[in-house]
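Novice: From TrEMBL, for reference:
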- CYS19-CYS53: disulfide bond (DISULFID)
- 20-93: domain 'Ribosomal protein/NADH dehydrogenase' (DOMAIN)
Amino acid sequence: MAWRASLSRSVKEIRVLFCQSSPASAAAREFVKKNYGDIKSRNPSLPFLVRECSGVQPQLWARYEMGVERCVNLDGLTEAQIDKKLEELAKAGESAKAK
């Protein structure tokens, strides 16, 4: 997970949205519980926002340079799959900077 240390170079902000109680958001809640501390310790200046809203579908948002944002629906994904989606969003930010 070396990509986590360079997350703040490719992404300007991360937002995770989920419902506090729905089964569809269970993996997103666990992902935040288990990974928030590690991501923040490796990227202390990176805004990592957690938004809870009743009934919302779990989503992962990444904001890049110039306000460009990408969203991934997390419904039905496992914690490992959510981690992979975050890595993909980080790599998308790296490739966008290279252009």
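Every residue, even glycine, has its Cβ placed from backbone N, Cα and C.
Nobody curates TrEMBL annotations by hand; they come from automatic prediction.
Each of the listed features needs to be described in terms of its position in the shown structure.
Specialist: Note: CYS19 (disulfide bond) has non-local neighbours SER25, GLU52, CYS53, SER54, GLY55, VAL56, GLN57, PRO58, i.e. same-chain residues 6+ apart with C-beta under 8 A of its own C-beta.
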Novice: Specify the count of other C-beta atoms within 10 Å of the C-beta of CYS53 (disulfide bond).
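Specialist: The Cβ of CYS53 (disulfide bond) has 11 Cβ neighbours within 10 Å.
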Novice: With DSSP as the reference, give the number of residues of the domain 'Ribosomal protein/NADH dehydrogenase' (20-93) in helix, strand and coil.
Specialist: 38 helix, 15 strand, 21 coil
